[in-house]
Amino acid sequence: DRDSCVDKSKCGKYGYYHQCDECCKKAGDRAGNCVYYKCKCNP
């Protein structure tokens with residue numbers, strides 16, 4: 001689910017949010033991106 005994406009997904013310094021994005025999409029959200037090195041899902 002969404003919360004596990006935040007914990008699991010590593011967010012790099014320069015927008016490497018692919019892992020976060022994939023995780024969020026699997027959780028049923030539109031996309032994911034990184035804010036202060038944390039994965040955030042966009043519903």
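Here the Cβ of each residue, glycine as well, is placed from N, Cα and C on the backbone.
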Quiz prompt | Candidate in CYS23, CYS34 joined to CYS5 through a disulfide, as Swiss-Prot lists it | solution = CYS23
Quiz item: Among CYS24, CYS34, which cysteine is annotated in Swiss-Prot as forming a disulphide with CYS11?
Solution: CYS34
Quiz item: Do you know offhand how many angstrom separate CYS41 (disulfide bond) and CYS20 (disulfide bond) by C-alpha?
Solution: 8
Quiz item: For CYS11 (disulfide bond), which DSSP three-state class applies?
Solution: coil
Practice problem: Starting from CYS34 (disulfide bond), work out which of the disulfide-bonded residues listed here (CYS5, CYS20, CYS23, CYS24) have their Cα within 10 Å, and give them in sequence order. | Solution: CYS20
